[in-house]
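S.K.: Below, the features straight out of TrEMBL:
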- C:12-30: transmembrane segment (TRANSMEM)
- C:42-66: transmembrane segment (TRANSMEM)
- C:86-107: transmembrane segment (TRANSMEM)
- C:114-132: transmembrane segment (TRANSMEM)
- C:144-162: transmembrane segment (TRANSMEM)
- C:188-207: transmembrane segment (TRANSMEM)
- C:244-265: transmembrane segment (TRANSMEM)
- C:285-305: transmembrane segment (TRANSMEM)
- C:339-359: transmembrane segment (TRANSMEM)
- C:371-396: transmembrane segment (TRANSMEM)
Amino acid sequence: MDIKQTVLDILNDLTGSDVSGAMDDNLFDSGLMDSMGSVQLLLQLQSQLGVNVPVSEFERSEWDTPNKIVAKVESLA
Amino acid sequence: MAKRLLRIFGPLILAAILVFAVLAMPVTLGFSHVSAARERKAAVSLSPNVLRGKHMKEEALKDGYVPFFGSSEWSRIDPMHPSVLAQKYRRSYRPFLLGARGSQSLTQYFVMQNIQSELRNKKAVFVISPQWFVKDGTRKDAFGFYYSQLQTAEWLTHFRHDAIDQYAAKRLLQMPVAKSDHFIYAALQRVAKGEKLTDFQRFYLQTRKNMLTQEDQFFSGIDLPSQNLNRVNQQAKQLPTHYSYSALDALGGRLGKAATSDNRFHISDKFYHQGLQKELKTGKLKNFQKDLSYTKSPEFADFQLCLDQFARLNTNVLFIIPPINGKWQKYTGLSATMLKQFDRKIHYQLQSQGFNNIVDLSNKGNVPYFMTDTIHLGWRGWLAVDQRVNPFLSKHQKQPHYTISDKFYSTKWQNLSPTDLTQYEAETK
Amino acid sequence: MLSFEPYGNPTYFALLGVALLPLMIGLLYGKRSRLYETLISIFFLVLTFGGPKWAQGVALIIYILYEVALTWGYAVYRKHQNSGPIFYLMVILAIAPLAIVKVTPAVENGQASLIGFLGISYLTFRAVQTMMETRDGTLKDYQVMTFLQFMLFFPTISSGPIDRYRRFEADYRSVPDRETYLGMVQKGIRYIFVGFLYKFILAYYFGTMLMPKLQLMAMHARGGFLDLSWPVLGYMYAYSADLFFDFAGYSLFAVGTSYIMGIATPMNFKQPWRSPNIKDFWNRWHITLSFWFRDFIYMRLVFWFMKHRIFKKPTTTANVTYIINMLVMGFWHGVTWYYITYGLFHGCALVINDTWLRYKKKHRASVPHNGFTQVFAIFLTANMVCFSFLIFSGLLDKLWFH
């Protein structure tokens, strides 16, 4: 299973809606994500992909669209 | 780049130049007229901005207002208050009330600095509160509150080198607020030492004075509180159409009785319930003034500043010495002997220098409804004041003849016990 | 000895202009002089903490040496080891001076602590943040001199905005190209002038002219239900307006000055009165503080709670953390009942807000969403916030207990 699909599954699960149709939409502005969701995302990334991201590495502006998140995780994996 | 920089800073530089040009201009623009309505408001507003400023006072005094120097008593506006009586009975004068809670002689001296031409050869009324003459004199924070750089700058541009200026400068240097402008502070230090100001200091003071004068012209009339004028108008309605002393005296008694119904001190209920009642219940107020003395104080020298200034301007002044509520005085243990001594000392300072228009009410503390609260004149007290103020201001008065003595600036005088007065007089003749 | 409140009077701004001019010319020609920046920093720090306030200045120096020793020591330690307890101990030590300063007035009858100085809480945020990022390993290259510049950066020392070490360092180590820098200067000047409008006109009107009158009226009108009266309501709005214009004005000065120095300090306010809900409000109000709390308290606590599975449901985790987060913020303002109540109020507001947002998400079809609901949401949020500021103002304390 590729990273992109896993990340999208996590995001769909967390936001409760399908984000794959709007890969460049800002998840925080639309209210789909918040701080709580970010932490859940980080934990899921850790458990499902083994990607370790410290909270202080989580700069919101670098993680605010599905595309950015996928790119970020791919660079870290 | 130059173009972009000009776009960024051009408006800023232009604005700075314009503001500075307008403020530092030695001539005043055409905003100087003050309407009669605003003068009426300002005269009773007791606003600190009016006290600290110049323009409002100056314009009103030119229009026939008479300066009434004093402090917190001015805010006790009842039907017999001087401002109410003057308005109701269309007197030839209108009081311009100067001073509020905490303003004492030193503040008043500086207030006089920028209304000198309006005081010269004119009349004035001055209420001397015995409470000013406590051990430490004026409170530094109260002085700071009424302090005006404009008045200080104005004073520093016309001072002469003698006792009055040196004393005033030394006194001002003791106040933390004098440090609010470092150049003025440095100038004060030179005056206190009897040195001349430097050319730069004179230039700075002149520029600063111009700026502050412009600021005062632009802003002092903004947001004048109108509630006191409303109160004056309200109170005037209670007065009979035609002036009659006996009718007013009876009315004063009636109003006083109605307003002081629920306490044994004959203190107005409103004042009584604003915390005084609570404090009385603790019992701490019983005899709490028994060691208080008004006989030794730097205030005596500060007061001399005012006398000196009046003498220089040949101002004819009526002094009023209010009493203290007799019941209150007894309860708090304030010494009657000490009050008599204070009276003697202040009388000596006034009369030995030719200030003979004195309304001494100090023995009226037990007249019912003379006072509105603990230390402030009310109904019959105001009426008694009017009995003397009206003829003084309405009729022609003999020119005063003042003989000022610098000995009243000395610490010896400030701390002189009134029992040694006779000896002091003999020694310093 | 001269002594100034930062951005307090025209003289301060005149001095600022003169001091920044050489720096600006330098930056325009691609040069950044560390020495000159340090000199003017020291000059303005002496203006703020010297003269009659020298005791504060001494407290500042001792505090800075203490925090440098802690962060430096920890950075050296972290290169070799990474023990949890040591980290917690260091954080507690870093916060200790602030805690003492905040608790002292509550136990000493309102007396201020001797070790306090203007801006201590903002410096503590910066130091703790540096330490936490060192622990996470995201901050690897700790430099004492950069840390000192970061802490003592004079435009923001007294009340923020709270910058981040790595962001500051990146700006500080580089020189913006001319076009970018001219843009920054233009913005900086505009910010400072909007700041004049906010702080010296609007905040003056609400804070100095209106508030004391309303407070007096409110005190006179006591005696009704909970001593409340119309003037209390007026005070609530006047206080809120004053708080906003005063602090936003100050922040504009601080950010504007930073921009002119070629440092893009983050903005503190983003039209907070347009927020449709409390959660959004905290993304727009005192942003650098609420983001600090979000990143270093809220997210870390949530992370910890979820990792250790303390609560079954994520929503419970979120709610508990909201309350803790806002309570800490309340305590940070000071140990008085009204600051703590204010924190609790916002904690609860966030919980309710979150619940509602979840409900709305689930029932998207049945909950109307249109222009009117949007305006209503903004109105409701603004009024809730103003009410919380009334608690915060301490007026109720005066009404009830004085």
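All residue numbers here begin at 1 and follow the chain in the order shown.
Cβ coordinates come from backbone N, Cα and C, glycine included.
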S.K.: Cβ pairs under 8 Å only, please: of the recorded stretches C:42-66, C:86-107, C:114-132, C:244-265, which one is richest in them relative to the transmembrane segment (C:285-305)?
M.R.: C:114-132
S.K.: Given a Cβ distance threshold of under 8 angstroms, which distant residues of the chain, six or more beyond its ends, lie next to the transmembrane segment (C:371-396)?
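M.R.: Contacts of the transmembrane segment (C:371-396) (Cβ under 8 Å, skipping residues fewer than 6 from its ends): 215, 218, 232, 235-237, 239-240, 243, 272-278, 280-281, 285, 333, 336, 338-339, 341-342, 345-346, 349.
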S.K.: Under 8 Å for C-beta pairs, could you tell me which stretch among C:12-30, C:86-107, C:144-162 has the largest tally with the transmembrane segment (C:42-66)?
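M.R.: Looking at each of C:12-30, C:86-107, C:144-162 in turn, the most contacts to the transmembrane segment (C:42-66) are made by C:144-162.
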S.K.: So, do the transmembrane segment (C:12-30) and the transmembrane segment (C:244-265) meet, by the test of 3 or more Cβ pairs under 8 Å (sequence gap 6 or more)?
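M.R.: Touching, yes - the transmembrane segment (C:12-30) and the transmembrane segment (C:244-265) meet the threshold of 3 or more Cβ pairs under 8 Å.
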S.K.: Can you say which of C:86-107, C:114-132, C:244-265 has the most Cβ pairs under 8 Å with the transmembrane segment (C:188-207)?
M.R.: C:244-265
S.K.: By Cβ distance under 8 Å, which residues at least 6 away from the ends of the transmembrane segment (C:144-162) in the same chain are close to it?
M.R.: 6, 37-38, 40-41, 44-45, 48, 64, 67-68, 71-72, 118-119, 122-123, 125-127, 129-130, 168-169, 172-173, 247, 250-251, 253-255, 257-258, 261, 263, 265-268, 287-289, 292
